[in-house]
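Reviewing the structure listed below.
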Amino acid sequence: MNNLLAVKIGNLPLQNPIMPASGTFDTTLEPLIDFNQLGAFVTKTFTQSRRSGNALPRICEVSSGMLNAIGIPSKGVEHYISDVVPFFNRYQPPLVASISANTAAEFAQLAEILTDVKGIAAIEANISCPNIEAHGKAFAIAADSTKKVIKMLRRATPLPLWAKLTPNTGDIISVAKAVEDEGGDAIVVGNTLLGMAIDVKTRRPKLGNIMGGFSGPAIKPINLRMTYQCFKHVSIPVIGCGGIETLNDVLEYLLAGATAVQVGTANFIEPTIMTDLVQQLTDYCQANNIKSMTDLIGQVDDTPFEPYTALS
Ligand SMILES: Cc1cc2nc3c(=O)[nH]c(=O)nc-3n(C[C@H](O)[C@H](O)[C@H](O)COP(=O)(O)O)c2cc1C
């Protein structure tokens, strides 16, 4: 284990702070990168039962990023336990199971099933997904629906519980506090921003679902700002995610208060990006006399700037 980069998410130790963002990484990367170099594995969100996902097309490129509306196709929990868990357990990094459900009770039921499965180190509750009891609004849009689902999840499982928040909320601080109040172990900030693209020749939306999640470099300032706000207002670890492509992006998230980061869209452009970032972060720390990640995490110098006093 490379101690220089080691971090802890609650009680879960990670050898380094770099991990994939759910849905942007899977077993097919195995021949391309050394999986043992990652901080953790976060797998594609799955649901308890099988579901087929959204109509095609499910992704499209836009300026500075991409849109996706995959719709969480899922082979169900039995497949996850029989195929996905054993695959990743051949490697050292801890396995984080990203889960989704239509209701708080269904979330809790799935978490309870996973609790008894050997080889799952943490649950990432993708509460950025639609809540059927709130007319399809994502659980993490509001503090009250977040409270309800995290409370039920917390009762259902003693496994480390991460909550993945949505930047589509207008009140990220209240939502993050709701996770902390109900016993969540970490928050992931965050998921995609709701977007849309139209093919002007056909006048058809570019996504089968019409709207979809916007990800990539353009969303970095938004999710970085929310990471900073959450770090300032909750004491559980914050995991930053959104638009990370370079070492500079990783450093910004760490300085803003992220204990670890997730890399998403960039995996599609450069499949070796995550292990490249681990190496670049190691080199940066060595070159800059950084002894541990605590020298970086939350270390942005945000002392107030001098007031502007000149007359206009
Ligand atoms: C094709 C695609 C599929 C995704 N699937 C999931 C998913 O299943 N669960 C989830 O929580 N987030 C999912 N996401 C969101 C990413 O995990 C990540 O939060 C988001 O893309 C922002 O990071 P990025 O800008 O680095 O991509 C998906 C993103 C993309 C682009």
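Every residue gets a Cβ built from N, Cα and C, even glycine.
As written in TrEMBL, here are the features:
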DOMAIN    5-282  domain 'Dihydroorotate dehydrogenase catalytic'
BINDING   Ser22, Lys44, Thr45, Asn126, Lys164, Gly216, Gly242, Gly243, Gly264, Thr265  FMN binding site
BINDING   Lys44, Asn68, Ala69, Ile70, Gly71, Ile72, Asn126, Asn191, Thr192  substrate binding site
ACT_SITE  Cys129  active site, nucleophile
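The local packing around Asn126 (substrate binding site), expressed as other Cβ atoms within 10 Å of its Cβ over all shown chains, amounts to 28. Classification of Gly71 (substrate binding site) by DSSP places it in coil, neither helical nor stranded.
The 6 Å Cβ screen around ligand 1 retains nothing from the recorded positions Ala69, Gly71, Cys129. Within 10 Å of the residue listed as 'active site, nucleophile', counting CA to CA, the binding-site residues Ser22, Lys44, Ala69, Gly71, Gly242, Gly264 contribute Gly71. Fewest other C-beta atoms within 10 angstroms, among the binding-site residues Gly71, Gly242, Gly264, are seen around Gly71. By the criterion of other Cβ atoms within 10 Å of the residue's own Cβ, the least surrounded of the binding-site residues Lys44, Lys164 is Lys44. A separation of roughly 19 Å, to the nearest angstrom, links the Cα atoms of Gly242 (FMN binding site) and Gly71 (substrate binding site).
In sequence order, Asn54, Arg58, Ile59, Leu207, Gly208, Asn209, Ile210, Met211, Gly212, Gly213 constitute the residues six or more apart from Ala69 (substrate binding site) in its chain with CB-CB distances below 8 Å. The two recorded residues, Gly264 (FMN binding site) and Asn126 (substrate binding site), show a Cα separation of 15 Å.
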